[in-house]
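Notes follow once the structure below has been shown.
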Amino acid sequence: MPKKCRHLLQTSDLSLDEIKLLLKKASVYANDFNAVSLETKEKMQNKIIVALFFENSTRTVSSFEIASLRLGAKIVKLNMQTSSASKGETLTDTFKNIYAMQPDAIITRHAFSSAPFKLAEFSQCPLINAGSGVSAHPTQALLDLLTLYQHFGSLENLKGKKIAFIGDVKNSRVANSNIKLLQRLGLEIMLCAPSSMLPSVSLKTTHNIEEAIEFADILMSLRTQTERHNAPIFASLKDYGNAYCITQKRLEAHAKNKEIIILHPGPVHRDIDIESAVLEDKRSKVLEQVKNGVAMRMAVLEFLLLD
């Protein structure tokens, strides 16, 4: 019987102590990507990781590649547009064939929310969910938490802080994973979106971005996921931006007397999700999130493959 391995399919797969461990390790790597011990590099140098992405990605796939290489592992990224999946091979058969080659870990992204949970049934190597439908994106939530942890100084300081998610919350796996994780850590949450972009949850909601800004210590803007909409919700993205863009004017009017930070998981629609001037503002932590993506994914890979 092979040794049972750990998967990371959703943030609830991790205990609070394990989350603290990941934050500690990722903080070291965020300060210095080269702070990988010789012991870790020696153990990782023969590890082979496969990235199996059935949806497009820039930040996630690149940061997993860089994280793997910085740890000393080898990574194979499959181009699913030129794979046998384009010839009609099923997801399960594609996965089983890759798994038969005995990689040490598989990172997967798929449009179906259930995909990683189904694939985990066939895997005795660590499986990492890099985004599944609208349900989960655990490493994004962890890197966002790392960004908040760095800014506020500790998990204890995060308790009671208020975060507003602004945008297409209903179709955002990032929001879904973040909400579940941040609720565990004692943050207050508000969702801000038009009715058609709000999920059915027992959380504070508003259709008014000004109310969200006044409520929050942290704003997380989300892009409109038009690829998941059955019909247009606004006449144009510009019309959406007029109602929900985080602008200097709105921040000046509704967050003038408090410290507030702004996050976005990317890709950002400039001047639709967040005004360009705000993205360049010191309150924007968007590029810190990107950097922290490498650090946190280094910590996750080390945790799953070596611990």
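One-based numbering along the chain as shown.
Quick reminder: no glycine exception, Cβ is built from N, Cα and C everywhere.
Per Swiss-Prot, the features are as follows:
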BINDING   R59, T60, R109, H137, Q140, G266, P267  carbamoyl phosphate binding site
BINDING   K87, R173, R223  L-aspartate binding site
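Shown on the structure are the features that Swiss-Prot records.
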residue	record	DSSP class
R59	carbamoyl phosphate binding site	helix
K87	L-aspartate binding site	helix
R109	carbamoyl phosphate binding site	strand
H137	carbamoyl phosphate binding site	coil
R173	L-aspartate binding site	helix
R223	L-aspartate binding site	coil
G266	carbamoyl phosphate binding site	coil
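All chains included, 7 other C-beta atoms sit within 10 angstroms of the C-beta of K87 (L-aspartate binding site). In this view, H137 (carbamoyl phosphate binding site) is surrounded by 27 other Cβ atoms within 10 Å of its Cβ, with every protein chain counted. Report note: the carbamoyl phosphate site is defined by R59, T60, R109, H137, Q140, G266, P267, and the residues of the same chain whose CB lies within 8 Å of the CB centroid of those residues, excluding them, are S57, T58, A130, G131, V174, P265, G293. Sparsest Cβ environment among the binding-site residues G266, P267 (other Cβ atoms counted within 10 Å): P267.
In this structure the C-alpha atoms belonging to Q140 (carbamoyl phosphate binding site) and R173 (L-aspartate binding site) are separated by 9 Å. In sequence order, P265, G266, P267, V290, G293 are the residues near R59 (carbamoyl phosphate binding site), counting only same-chain partners six or more apart with C-beta under 8 A. Of T60, R109, H137, all annotated as binding-site residues, the residue with the shortest Cα distance to K87 (L-aspartate binding site) is R109.
Non-local contacts of T60 (carbamoyl phosphate binding site) by the CB criterion (under 8 A, 6+ apart in sequence, same chain) comprise R109, A130, G131, H137, T139, Q140, G293. Of all the binding-site residues given, namely R109, R173, R223, the one with the smallest number of surrounding CB atoms inside 10 A is R223.
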